[in-house]
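According to TrEMBL, the protein has these features:
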- 702-725: region 'Disordered' (REGION)
- 58-77: transmembrane segment (TRANSMEM)
- 83-103: transmembrane segment (TRANSMEM)
- 115-134: transmembrane segment (TRANSMEM)
- 140-164: transmembrane segment (TRANSMEM)
- 185-205: transmembrane segment (TRANSMEM)
- 217-238: transmembrane segment (TRANSMEM)
- 298-316: transmembrane segment (TRANSMEM)
- 346-367: transmembrane segment (TRANSMEM)
- 379-397: transmembrane segment (TRANSMEM)
- 611-631: transmembrane segment (TRANSMEM)
- 643-665: transmembrane segment (TRANSMEM)
- 671-693: transmembrane segment (TRANSMEM)
C-alpha cells in the first residue's frame, strides 16, 4: 500500500501544506537535531505530534457525533434547521483552513499558528460545553453560547488543519524521506483511531449518563473539550524538540494575485489591434514568470475537474445529520445490547480501515487481472455511483420506517380512535362521518386511527353511542390537524365519554412514551422506575405522556386502600402507550395496555448496507482523488490543490443546507433527489474526465508524457488522451 492510500477521506493525506513546505527540503542545518525515537531515524518530536492529532480528532469527531441530536432535543429545533446548522458548521470547518494557511505562511509560522488556534479551539469547546448545561441561562443563552462555541471550534480545527501534518513532516531530515512517508501513515492511523473511538464513546456519555434530569450533553461535549486541552498540553510539551521553520510567503495568495492580474490585464487590453495570446493566463506574463504561469495552468486544469465534486460530499456528510435522524426511528436492540442512534456513525471509520487493504490488495489487483484500465477518473466516478446507491438504500429504509409513524393530518382533518372501557360492546356513530361500521369490543385494542373530515378549523361533533339497545349522544369539540382518543365507559350504569388529545408524533431519540387512565373510583399515585411519581385522579382521568428509555417496566400503583405492582411489559422504541388502571372481576387492580403509536419495527442493522456502500465509495473517490490531484500538480502548487480539495468538502455542505431549507420534501424523497443529483453529476464528471489530458508536472513546457503508467492497487494509472480540454 502506498502512502497515498493510508488515510481517511475526511482528512487529506496531502494536507494543505503551506508554501515551501511540500515536503521540506532541509534548511535545518542551523538548528539542533531532535533526539531520535528508540534508536531509530524517527525524531522523538513526532510522538508528541501524533498524540496531539489523536486527541484533537477525538475531540472534533466526538463533539460532532452528538451535535445533531443536541440541536434536535436540547435546543428543540426541527429536523431541517438541525440539519442546516450541522452542515453550516461542517462547511465552515473546511473554509477556515485557508485562513490557517495564510496565518502560518505570512505571519506566525506553523508552530505558533497551531498553538494560538488550538487555544481558540479549547475556548470554543468550553463555551460549547457550558451552553449545554440546562441551568445556565434560558433558551436564547444556550443558542448564543452554542453558536459562538461552534464558530470558534470551526476556526480552531480548520485553522490548524493545514499546519499539523506539514509540521510533522518538517521534523525529518531530507535523507530520511522513507521514515517521513511512514510517519504520515501513522499520523492518519491516529486520525482514524480518534474518530473511531470518539464516535462510539461520546454517544454513550450522552445517553447512558444522566445529568440535570436528562441526557448529559454537557458531559458529551466536556470530554472532547478535555481531550483538546490534553492535545494542546502534549504539543507544547514537545516544544524544545521541534524544528520550526519561519514563514516563507503564501503560494496560494500568489496564485490568486497572478490570476487576478491576468484577468485585469486582459480586460484592459481588449482592443482587436492587440495580438491574442494562446492562454488567458498568458496575460500575466508582464508581471509574473513563465514558470509560475505554466504551473498555474496545470493547477487550474485540475481545479476545473473539481467543479462537480462537492455533490459527493453533500451526500457523504449526511451520515451525521439525516442518517442519524433516521436511526432515531429504528429498533436498535442487538440481543440485549442497545445502540444509540448517533453511535452508528462509528461504522464509517471502522469500514474505512477495513476497506483500504481490501481494495489495495484485493479489488484493484483483480480488476487489473481482467485487463480493465481502471483509471483514477473511473475510480472516482465509481465512488460517486456507490454513494448514490447508498442514498437509494437509505430512501428504501426511510419508507419502511415511516410505516410506523403517525399519519400527518392536513387542514380540516383529524384522526380518532375509540377506547371502549365499558364491559359491553358498543357501536359508535359520528355526526356526518362514515366511520366505525363494526362494533367495538370491551377493552379492544384499536387497530389504527380513523380520519375525521371537518368543515372548518374546528367543529362540534355529535357522538352517538349504542349498547344493548340504549343510545346516548355526546358532543365534543374537535380541532383540525389533531389526534384524539374517544374514551367510552359506564358511569352510574349509563354510557359516558371523554375526548382526549393523543401524541401526534413519535417520541424522539428512540424513547418510548406512556400515559395512564385511572378507571378506579379513587385517586392513584403511579411510581415508575422508583423515581417518577404520577398522580391520576379517579373516574377516568388521564395523565400526560411521560417519556422513558426503552425497556421492561413494573410500576407501583398506590391508592388510599392498597398498593400493588403492575407489570407493563416491554415499552418499545418509538412507541406511545395508554395504560388503563382498572378493577378485575375479583376486585383486584390490573393494567390494560394499548399501543397508540406503533413501535419502531425496522431494525437499525438495515442501515448497514448504506454505510457499506458509502464507505466503499469514499475509498474509491476520496483517496484516489487526493492521489490523482497530487500527482498532477507541480511541487510548489500542491498546497493550492489541497485548498481546492478542502473547498469541495465545504461547498458540499453548503449544498445540503440549501436543499434542506429551499426544498422541504419528505425525507425519502430528499434521499432520492440527492441520489439522482449525484448520478447526473457523475455523468458530467465522466465526460469531463474523458477529455482531461494527464500531464507530467515536471514538464513545464507543456509536452505530455505519451507513456502509459502501470495501473495497480498501489499506483495511479494516468492515460493521456489525444484530445484537448
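Just so you know, glycine gets a Cβ as well, placed from its N, Cα and C.
What TrEMBL says about a protein is an automatic prediction, not a curated fact.
Sequence-distant contacts of the transmembrane segment (671-693), counting only residues of its own chain at least 6 positions beyond either end whose CB sits under 8 Å from a CB of the stretch, comprise 301, 304-305, 307-309, 311-312, 314-315, 318, 322, 375, 377-378, 380-381, 384-385, 387-389, 391-392, 394-395, 398, 659, 663, 665, 704, 720-721, 723-725. Between the transmembrane segment (140-164) and the stretches 83-103, 185-205, 217-238, it is 83-103 that has the most C-beta pairs under 8 angstroms.
Highlighted: of the candidate stretches 58-77, 83-103, 643-665, 58-77 has the greatest count of Cβ pairs under 8 Å to the transmembrane segment (217-238). Counting Cβ pairs closer than 8 Å to the transmembrane segment (185-205), the top stretch among 58-77, 83-103, 298-316 is 58-77.
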